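*Asks:* Following this message is one structure expressed as structure tokens.
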Amino acid sequence: MNMNHHDKLQRFLFDGAPVRGALVRLDGAWQQVLARRAYPQALKTVLGEMMAASVLMAANLKFDGSLILQIHGTGALKLAVVECNNDRTVRATAKWDGDLDGKPLKALLGEGGKFVLTLEPRLDKNQTWQGIVALEGDSVGQMLENYMLRSEQLDTALVLASGDEAAAGMLLQRLPEGHGEAEGWDRVQMLGRTLKAEELLGLGAEDILHRLFHEEQVRVFEQETVSFNCNCSRERVSNMLTMLGGQEVGDVLLEQGSVEIVCDYCNQRYVFDEEDANQLFDYDVVAAAREARH
């Protein structure tokens, strides 16, 4: 495998069919996620496929902000979250309880789970958009295809794969009529679905496109680099504590001596002592908490 293909997004367009597509392979970015928490094997598959899918779905958005995919389950897998920003940075985390390995995805998620897609602008959080649908399908790819069809009315084909070394995916999406012959979509997506997981994980974008679509007219765009990045910061944690309120923070300080927050995505620790809290709220929060108890 050529290192040039590592952590790369490749967008492409068909000249003779109403289809646009993208291929992504995550190596270093995926390893950064795995290095931060010991995920069970079954959860690695889900999280890796979601990570690849988030980059593919964000690839066609003209949008300054982040696309967030969430799967909420009621079984052993409680939550899987992936965020991809328009600068092609990604992060991911998950919560689970109990044994996950050896069970199909539906069993891991339990009954009544839901899929949430959020578009969060970087500057104006009031313009955040969210779509929520029931989980339908036996794989992350099927669930996302169903979401796109129900929520966006977009025919989509997703092939996703995740292993210990890399996570990868290909997205094909039908464009409105007028972008080539109508039956072009059926032909292209059928070809696309012949792509195997080991090919996705083992071949570069150029080889995959040639193998699948050598009889089609494919226009490729410049490759883009994808990387892991967590945008947590002490300032953001401070804002969160401010929203919690001085009384709550004072109570924790009274009981534990400090407030410690650990980022779910990157495991960065943020510790706030009494002096930090007093600066944050502009009054003695511990004295106030002590007084409230008497």
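Every residue, even glycine, has its Cβ placed from backbone N, Cα and C.
Okay, so Swiss-Prot annotates it like this:
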{"type": "DISULFID", "residues": "Cys230-Cys232", "note": "disulfide bond"}
{"type": "DISULFID", "residues": "Cys263-Cys266", "note": "disulfide bond"}
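Describe each of these features in terms of where it is and what it packs against.
*Replies:* In sequence order, Cys263, Tyr265, Cys266, Gln268, Tyr270 are the residues of the chain that are 6 or more apart from Cys232 (disulfide bond) and have a CB within less than 8 Å of its CB.
Residue density at Cys263 (disulfide bond): 18 other Cβ atoms are found within 10 A of its Cβ, drawing on all protein chains shown.
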*Asks:* Looking at Cβ-Cβ distances, which residues of the chain lie under 8 angstroms from Cys230 (disulfide bond) while being 6 or more apart from it?
*Replies:* Arg91, Cys263, Tyr265, Cys266, Gln268
